[in-house]
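J.: Quick one: this structure, given as structure tokens, is what I'll be asking you about.
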Amino acid sequence: MIPAHWLYCLMLLLPIESCRILCQASSKSKEKVTSRPHDVCDGVCNNNGTPCFQSCPPDSEGNMKFACKAKKWHKVTETCHTLNTHSIFEEDKELYSVQSSDSTIRTHMFHRELKTIMDTLMEKCPKDLSCVIKGIERSPRMPGNIAVVVQLLHNISTTLTKDVNEEKMQSYSAMANHILNSKSISNWTFIQDRNSSCVLLQSIHSFASKLFMKEHLINISHVFIHTLGTVVSRGSLGKNFTFSMRINETSDKVTGRLLLSPEELQKVPSAFQVISIAFPTLGAILEASLLENVTVNGLVLSVILPEELKNISLIFEKIRKSGERKSQCVGWHSLESRWDWRACKTIQENSRQAVCRCRPNKLYTSFSILMSPNTLESPVLTYITYIGLGISICSLIICLAIEVLVWSQVTKTEISYLRHLCIANIAATLLMADAWFIVASFLSGPVLHHNGCVAATFFVHFFYLSVFFWMLAKALLILYGILIVFHTLPKSCLVASLFSVGYGCPLVIAIITLAVTEPGKGYLRPEACWLNWDMTKALLAFVVPALAIVVVNLITVTMVIIKTQRAAIGSSMFQEVRAIVRICKNIAILTPLLGLTWGFGIATVINGHSLAFHIIFSLLNALQVSPDAAVDSELRECVHRFCG
């Protein structure tokens with residue numbers, strides 16, 4: 001066995017010391033063979049952060065790394081691989097059946113293998129690259145083998161700089177098809193280099209961009225990768241490519257289409273190549289390897305176009321044809337390795353497909369649709385929301401009308417004037433917020449009207465913040481009335497302070513949020529006219545003030561209850577009952593008025609999937625302001641006198 005290894009080392013021109021260590025490792029592996037399972041760790045799992053390493057199964061190299069989570073070992077990465085120069089090119093496999101316990105030696109040999117595979121490939125079949133296909137296709141799709149093939153495809157794409165023919169593209173696609181198989185998706189999770197799937201996408205696109213078409217049409221079809229290419233002239237009346245592929249062996253076919261309009265083709269000075277590559281499983285592979293919380297819901301279409309073509313249309317059939325979740329057209333950001341909704345615009349969408357208009361460039365060359373993970377759509381919730389908004393708007397209009405009718409009667413004292421000033425402004429701002437919310441809901445959907453959406457979102461943000469800050473002003477006013485005598489400050493000073501808090505603070509917050517996030521297109525959500533969360537966390541500009549005000553209002557309610565309880569101490573039973581009723585009235589009024597019910601609104605932000613939170617918030621939101629007018633005895637008496 002030793003002479004064979006020495007012969008191998010001489011063939012690869014490896015250092016003598018490496019060969020000696022390699023031979024020693026081989027001898028040790030023959031002396032000691034264990035029968036323990038290779039996918040389970042033997043170490044003690046004690047959650048101290050120390051990983052566990054296990055050796056690979058026989059006839060493979062590398063190791064498996066485990067991490068302790070919840071007192072159980074979970075596999076994190078795996079570098080086990082069987083592919084090497086000899087297994088791929090059907091040479092003496094015994095030369096690479098070495099099992100080494102030294103991870104440094106394995107890593108060194110792993111990189112030397114990749115170089116040797118590439119060198120041997122260029123020596124044996126440089127014209128069509130076909131001599132590696134059989135060896136790769138019969139190899140198991142373990143994580144280490146996937147990494148070897150990805151690196152090989154990357155090396156090929158960087159080595160061959162021009163004049164890629166159809167035969168080479170056919171072989172290259174066959175290699176990629178093996179690791180794009182739907183059965184290999186779970187193994188991508190354990191590849192040591194998390195960017196391997198990104199490297200694969202970039203390598204395939206780079207290699208295909210060097211394709212030179214002798215004929216006017218190229219059609220290279222495999223199960224998990226399909227390439228179409230043609231030559232298009234400037235005067236062509238549009239062009240489209242249609243792909244139809246299965247996600248796995250049992251699924252129905254899913255289609256994807258690339259359309260080039262005649263108007264766009266007029267921008268190109270002469271004949272040019274158009275190449276498009278479709279991947280049915282690459283979206284799931286990107287999700288698995290990068291561990292992203294996104295779901296690709298269509299084919300991934302990669303395009304190679306001249307720079308003059310600035311806009312293309314793409315039609316994606318949905319893999320999961322659900323009407324409850326919206327889809328978002330996206331492009332793959334090649335530098336940041338993520339899906340970016342700024343590359344595309346959703347033109348039309350239904351339960352079966354989405355139509356996208358995208359802007360290909362050097363950063364965005366691959367496109368697909370994502371299923372929105374947070375958009376909760378339910379007919380029941382929609383009805384409750386709009387019915388609740390209708391009730392709220394009607395109540396607010398009635399409340400404002402009553403305030404106008406009886407204003408002179410209920411504002412005779414300073415405290416009454418300030419209290420009703422807060423009530424009127426809360427009603428007015430909430431009315432405007434509800435109205436702009438309805439406008440924003442009509443502008444949302446598959447087709448986002450960006451400028452209109454920005455305006456609607458700004459006003460919704462501003463007026464809902466104004467509601468909160470006027471609630472804060474009312475809470476501070478109540479607190480001020482309990483602790484301090486009102487006539488210590490002039491009335492004009494108090495009014496100016498209330499307006500500064502109620503309108504000044506939210507206006508500053510809304511303007512700063514817009515100015516900071518909109519230049520980078522991070523102000524809006526991709527699927528709705530509301531503040532962005534995933535990219536810029538602009539939603540915090542609403543959640544943080546709202547949460548802070550809710551806490552302040554809770555403290556205020558507590559202090560009001562304590563104060564009224566103290567007033568009831570020492571009185572007769574009748575007075576105690578009246579005090580308890582008064583406390584209940586305070587809670588009934590202050591809870592909706594001071595925004596405590598908006599805690600459920602924040603809960604809908606934290607847990608967007610909970611239908612119960614959305615329904616409770618919608619119902620409670622309909623009760624804003626109107627309870628205060630309903631239980632105010634002074635207001636009822638004035639209305640009775642006015643109507644009577």
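From the backbone N, Cα and C atoms, a Cβ is placed for every residue, glycine too.
As the structure is a computational prediction, the values presented were derived from the model and not from experiment.
Feature annotation from Swiss-Prot assigns domain 'GAIN-B' to 233-377. According to Swiss-Prot, the feature region 'GPS' maps to 329-377, an assignment based on sequence analysis. According to Swiss-Prot, the signal peptide annotation covers 1-18. Swiss-Prot lists 19-386, 444-465, 515-541, 607-610 with the feature topological domain 'Extracellular', giving a curator's inference as the kind of evidence. Feature annotation from Swiss-Prot assigns topological domain 'Cytoplasmic' to 408-422, 487-493, 563-585; the stated evidence is a curator's inference. Sequence annotations record features per position, and here Swiss-Prot assigns transmembrane segment to 387-407, 423-443, 466-486, 494-514, 542-562, 586-606, 611-631 based on sequence analysis.
Map these features onto the structure and tell me what's around them.
T.: For the domain 'GAIN-B' (233-377), the DSSP-based tally of helix, strand and coil residues reads 16 helix, 67 strand, 62 coil.
Assigned with DSSP, the residues of the topological domain 'Extracellular' (515-541) fall into helix, strand and coil as follows: 8 helix, 2 strand, 17 coil.
Averaged across the topological domain 'Extracellular' (607-610), the predicted model reaches a pLDDT of 54.
Residues 418, 421-422, 425, 429, 454, 458, 461-463, 465-466, 468-470, 472-473, 476-477, 486, 523, 531, 538, 541, 545 of the same chain lie 6 or more positions beyond the ends of the transmembrane segment (494-514) yet place their CB under 8 Å from a CB of it.
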J.: With a cut-off of 8 Å between Cβ atoms, can you find at least three pairs linking the transmembrane segment (423-443) to the transmembrane segment (387-407)? Only pairs 6 or more residues apart in sequence count.
T.: yes
J.: Per DSSP, what is the helix/strand/coil residue tally across the topological domain 'Cytoplasmic' (408-422)?
T.: 12 helix, 0 strand, 3 coil
